[in-house]
């Protein structure tokens with residue numbers, strides 16, 4: 001059979017591994033061909049035919065089709081010989097394969113933007129594609145969250161609003177009940193637009209915000225639905241759901257990052273062997289890719305030379321460089337704190353001027369957003385300039401710039417929330433004059449939850465408006481100027497690059513705002529879904545019309561993990577806000593589903609004691625030490641097992657590597673021996 | 001082959017599905033695109049009709065690829081070594097470059113594409129040609145001889161584990177196995 005295969009297939013001859021050494025060694029004296037030719041196909045085919053064990057997946061054998069077919073036919077004939085169990089196993093794997101293929105085909109049809117992503121990857125490389133993949137992940141996450149919120153809160157609220165009983169609070173003081181969200185009668189048309197932008201007026205008392213939801217409880221003989229409880233649990237599950245999604249994605253990214261080792265070892269080999277993207281379409285993209293690779297190789301070689309120079313640097317020069325770095329670090333820190341102070345002041349000012357009307361009022365309301373956006377725009381640019389002076393290696397520079405930007409983005413949001421907190425709870429002092437009556441500042445905030453929701457709604461909307469404005473007012477004109485003028489300056493400025501890290505951070509920030517606001521504005525995930533879909537198309541347009549591929553390519557594997565970690569930071573910030581507002585602050589007495597309760601969480605114990613005895617005992621058991629300690633121990637044992645397994649694998653990898661080196665030395669030794677023997681034989685002939 | 005050239009038989013189709021990583025739609029699309037490359041007379045012949053390399057390279061997916069000729073040579077089963085492809089060779093090509101092909105098969109074919117002199121190892125000459133393909137072969141895009149020497153020394157230092165001065169298949173696969181980006185970049189989809 002094997003010989004038959006050979007004769008069928010002589011065209012594609014390529015020597016086998018065992019022969020290679022011999023052939024290479026004696027190629028110069030003996031060979032009458034230009035190159036020794038090697039038969040790649042011979043060895044695996046023979047193995048396959050001789051092998052009576054379970055057949056390998058034919059598709060993964062590198063043979064031409066005619067040979068594969070021959071092997072397949074042999075396999076088909078062999079099937080009856082195999083035992084029943086094995087043939088059953090074989091059939092099972094085959095049907096599994098088929099199922100997998102089908103699902104893959106099906107998934108391909110429902111995957112969002114599959115073709116677009118492929119096109120982006122082909123034209124701009126994996127780094128930019130990773131941004132769009134991240135964006136798609138967030139869109140799907142937000143949409144699923146919206147379905148969760150809609151299913152358990154929104155739809156029941158709409159359905160039961162007329163059916164259920166909703167009670168008015170009559171226990172608290174009269175002043176705290178005052179909440180009248182629609183004070184004005186007739187409004188001018190342009191007011192609608194202003195209201196839409198700031199979430200006030202007709203928007204305020206709607207399903208969009210916390211204040212509109214009622215404390216409806218529907219109770220039938222067989223069915224009961226408690227809206228406040230559903231509201232609370234949905235929010236908690238929303239957070240858990242997002243955490244699970246992020247962790248699952250992180251697991252994949254981590255596996256990839258660990259597999260690569262993430263180190264600089266094999267850097268040049270990687271660029272040369274893996275650098276080419278076969279999905280590149282068109283001459284333009286090919287040329288750019290080639291330029292890109294050329295640049296990268298040159299820079300890396302240059303960097304290596306610089307590193308060698310730096311190692312030989314004198315002590316004085318080193319001290320100068322390090323002191324410069326420390327100084328620049330403090331400058332960057334100072335910039336960031338200046339930005340914080342600006343945000344703090346702006347929020348205070350904006351909150352003290354809430355009564356203003358018209359355009360001026362709108363500006364005052366949007367002032368914190370404007371200052372935050374300006375800060376996030378200016379400070380990273382300055383930090384980038386600082387990074388140039390610091391002269392770190394390029395990879396460190398990227399990480400440093402990212403960390404500074406993350407810090408600025410998330411903490412500036414924290415400052416905004418802190419200012420809001422100070423005014424809602426009178427700096428945490430419930431005995432002060434403003435807060436004495438209702439335990440929150442009821443004069444400024446008759447329904448403080450709605451107010452926080454509005455703030456987050458504005459931040460979300462403002463972020464989108466800024467992106468669109470920048471697209472229309474900055475990016476398009478820039479491209480037109482650059483393309484249509486041959487001025488030295490404009491050519492030097494050039495088209496913009498698509499900077500992946502800062503764009504990703506924008507997404508993380510937007511998502512954090514949504515998480516923070518989701519408790520107070522249940523429709524925010526839905527708004528964010530729409531926002532991110534619009535963002536996807538905006539970014540795609542600007543990418544294809546305004547951007548040139550980045551000169552510095554962006555490594556996608558390790559950074560995916562880093563982005564998810566940053567996303568987790570945002571999640572953590574939002575979680576702190578949620579836990580604090582659930583447990584500590586008194587819910588508004590005049591609005592919302594929790595108007596009776598001293599804190600939002602207190603509804604849980606209240607409803608818990610209304611459950612049946614058995615359920616209560618079961619839940620108590622799950623919470624008790626008798627259950628949790630064994631569970632904890634078990635998880636520890638499982639974890640230890642996996643850690644041990646990992647270290648064993650690591651050891652065997654190290655062993656195998658040293659073995660390869662030894663074998664190599666053996667091989668060289670044998671080659672030398674062969675050469676010596678040959679020289680001995682030569683004179684005899 | 002019992003099937004006419006314009007339409008693939010059902011048996012043949014399932015056989016191709018068995019032997020390649022392609023789905024049914026992908027095989028049919030490949031067949032359609034391949035038939036478009038044939039001239040009118042050739043369409044009546046069977047599936048073993050060879051399409052010369054020059055015509056294969058008019059496909060937009062291959063047109064601007066710097067490795068296009070190597071790809072054709074590696075996947076061609078022609079005895080003249082002219083890089084011409086039959087439909088089955090073409091399917092082999094698409095299968096190796098498809099989304100779901102394994103790392104093993106992809107790295108195997110990548111190695112053969114980079115092995116410009118077909119001797120089973122990547123030596124200095126192969127590496128130099130490879131780098132030139134990556135950076136473009138005009139004078140202003142090529143690396144200087146100095147840089148090239150340094151680069152090739154670095155590559156050999158990193159990946160030539162047994163220090164025999166060349167990179168062989170297993171050493172190559174070792175490098176590839178540590179870079180998961182490879183599976184997504186070694187991809188041609190019609």
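Heads up, the Cβ atoms here are built off N, Cα and C, so glycines get one too.
Note that TrEMBL annotation is computational and uncurated.
What you are looking at is a predicted structure, and each value in this text was computed from that prediction instead of being measured.
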Per TrEMBL, which of A:618-644, A:645-671 is transmembrane segment?
A:618-644
Under 8 Å, at least three CB pairs between the transmembrane segment (A:359-379) and the transmembrane segment (A:189-208) (pairs 6 or more apart)?
yes
Go ahead and report the DSSP secondary structure tallies for the domain 'TMC' (A:447-556): helix first, then strand, then coil.
85 helix, 4 strand, 21 coil
Can you find at least 3 Cβ pairs under 8 Å between the transmembrane segment (A:559-582) and the transmembrane segment (A:189-208), where each pair is 6 or more residues apart in sequence?
no
State the residues, same chain only, that lie 6 or more residues beyond the ends of the transmembrane segment (A:189-208) and have a CB under 8 A from a CB inside it; answer 'none' if no residue qualifies.
154, 157-158, 181-182, 358-359, 361-362, 365-366, 450, 453-454, 457-458, 461, 521-523
